[in-house]
Each structure stands twice: as structure tokens, then as C-alpha cells.
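Student: Pasting a structure here, questions to come.
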Amino acid sequence: MEPTCTNLGTNQMAAPVYVSETAPAKWRGAFTSSFNAFAVFGMLCATVTNYFTNRIPGWGWRVSVGLAAIPGAIIVVGALFVSDTPSSLVVRGHPDRARAALQRIRRPDADIDAEFKDIVRAVDEARQNDEGAFRRLFSKQYRHYLVVGVAIPVFFEFTGMIVIALFSPVLFRTVGFSSQKAILGSVINSLVNLFATVLSSFVVDRTGRRFLFIIGGLGMMLCEVAISWIMAVHLGKHEGITMPHNYATGVLVLICLCAFSFGVSWAPLRLVVPSEIYPVEVRSAGQAMSISIAFGLSFVELQVFIALLRAMKYAVFLFYAGWLFAMTIFIVLFLPEMKGVPLEAMHSVWTRHWYWRRFASDAKTEVQVNHFYGVLPADLSSK
């Protein structure tokens, strides 16, 4: 298990950053969120594979474990055909290779002069400060990156959807489904999540990050309040161990709606936003911090969820709904819109924000952004 967990953590950290640094700004959200879509698809395939191989007595588990080598081999072979990101190559002192890599990514006939100049400028500014990445991250001028980089993974874990997804058979048994139907309900829930994640990849660069965060958060909050109300009436006040079939079906529908809201918002965006907010000098450290917080909270949450469900019963969904309300308010007030903005020009988004500009104000950034890319979209000035 240890090597598997290590590889998972490495992929969660490196893959979104790699995609963000190589994707065109106008499609960055779609490319980065597709990482989550493929991850959900892979987990669904693994679940279906385990379902069938579990029927093979004695050695079925060997088939299941052995088949896991196939996607691993595809990743290894595929990695041989991709280049380092232009930002990474410039940081390591290979500007010619960086320009060639950028040209290859953007098409041979694309005009990359402005984008390449901005990458070089961002790296040169980063080199002017000799402090370590983590020390910079905790300094005042990086306060906005730190707060959002910590808040996103913390809030993600307290959507409650990870434990709902992993323990959905337990929840379905709690509301009265048989064991087989509970497993079927979990599969349906996973399919809904996959559909929503794919949908998010298509719309994230049109609607923006903030809109999906807000709509998804409100959708999950309303669904969890409704689930709590149904369970309170039929499992709380009357101390029942099952509930009428129509109410149990209602819980299944609400959990699927909650999974849809999650899949279209927090599931992909918790990878998209941290991978694009950090400047190049702290990008790897910031992403590593965000992913480490997410994994740490996931471990704790999975250990205590069953105890919470037994102790709080239906109120456990109100607990998560309260967090969803708080995180939606946070998104409304403190997360600027980042769609379509090049990574190297992202600082200008923070300088236009009503609160974060006190930490990120820097007049020369505005001049440099306008010089290389023209004036940023007008809707950013209101964020």
C-alpha cells in the first residue's frame, strides 16, 4: 500500500500543475478538471473490475491486482512522449529548450513570443528573492495564496462527499435498502459523479470557477439538509431502523443530486484552483501543501465518520451543510475569478480584488501584463 499511496500523492500534486502550466489560458480549467474526470472513471472501472473478479474463488484478487498494472504501464510509456513544462525548463536554466517545448505545445505556426517573454519575466522576478519557497509562502505578500491554498482543500474535505461516496452502501443500508441494492445505489452514485465531472470540464472555462463553486455548494447544502430532515423524521424521532420505500428512494435521489453538485464543482475545482493561483516561485510548494492538507484531513475524516454517524445520526448531514454554507460565503467574498487569465499574469487578478489587493498590490505588474497581453478582460475589475 505504501508505494501506491506515494504514487497517488505524487500524481495529485504534479499532474494538475503540469497541465496548468502547459494548457492554453482559455482552456486551462477544462484541461485541469479532466484530470479529475479520468480519475473518477478509473475508480469506477476499478470498482466494476473488483465486483467481477470477487466472484472468482481463491485467486480472483490476483487478477484484480494484476490488472492495475495496465494503467500504470500506460502512464509510464506516455510520460516518455511529453516534455517538461516551459516554466520548469526556464527555472532550470534551459531557455532554448523551454521555447522549443512551448512551440511544440502551442503548434509550430503559433506566435509564442509574448507568452514566452512573460514566462521568462516571471522566472526572473522569482529569482530576485533568495528565500525558500515555503518561507515566501508564509510571508505577508503571499498571504492571499496561503489562505486560499489552505481553504480550498480544507473546505473540500468538509463537503462530506468523500465519506458519503466511500460509505454510501452503509448509508443506504441505514435507510432501509438491502445489501445488494445498497451496492447498486453506490454504483449509480459513482456514475452520476462521473457525468457531472465530465460536464464540468466542458463548462468551467465558460461559466468560470466562482459560478460553479457557488452553484455546487448551494446544491450540496440543500440536498444534505433534505437528507437530514428525512432521516430525522423516520430514523430519529421514531427510533426506526428502516424507513418507507418511497422515502428511502428519496434519500437515494438526493444523494445522487448531491453527487452531481459535487462533481460539477468542488470535485474538479479543488484541483484546478490550487494549481493556477500560485506564482512560479512557490507553485510546487503551494501545491504540495494543498495536497498534503487534503490527504491528512481525508485520513482523519475516514477514521471518524462511522463514529460521527452513530453519535450524530441525521445531524451529521447538518454538520456538513453548515460547512457548505461557510465555504460558499468564502467563495463569494474571497475567491477572484481566474478563467482565461495566463498563469504569469495571475497576480493582476489579486491586485483587483477588493480585499486581497492590500497584500498583492504591485503597480509594475499591471504595466507588464498590459505590455505582453493587453488589458485583461473587463469583468475581472469587478472581482
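Backbone N, Cα and C atoms are what each Cβ position is placed from, and that goes for glycine too.
Here TrEMBL flags 1-339 as domain 'Major facilitator superfamily (MFS) profile'. The feature transmembrane segment is assigned by TrEMBL to 35-53, 59-82, 145-171, 183-204, 211-235, 247-267, 288-308, 314-335.
So where do these features actually land, and what's packed around them?
Tutor: A mean pLDDT of 83 is what the model gives for the domain 'Major facilitator superfamily (MFS) profile' (1-339).
Away from its own ends, the transmembrane segment (35-53) comes close to residues 15-16, 19, 60-61, 63-64, 67-68, 71, 183, 187, 190-191, 193-194, 197-198, 200-201, 263, 267-268, 271 of its chain (Cβ-Cβ under 8 Å, at least six residues beyond either end).
Outside the transmembrane segment (211-235) by six or more residues, the chain places 159-161, 174-175, 200, 203-204, 241, 243-244, 247, 250-251, 254-255, 257-258, 260-262, 264-266, 269, 313-318, 320-321, 324-325, 327-328, 331-332, 335 with a CB less than 8 A from a CB of the stretch.
Beyond its flanks by at least six residues, the transmembrane segment (288-308) meets 9, 12-13, 134, 137, 149-150, 152-154, 156-158, 162-163, 166-167, 170, 270, 274, 316, 319 of its own chain at Cβ-Cβ distances under 8 Å.
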Student: Sequence-remote contacts (6 or more beyond its ends) of the transmembrane segment (247-267), Cβ cut-off under 8 Å?
Tutor: 36, 40, 155-156, 159, 161, 164-165, 168, 171-172, 175-177, 185, 188-190, 192-197, 199-200, 203, 212-213, 215-220, 223-224, 226-227, 230-231, 233-234
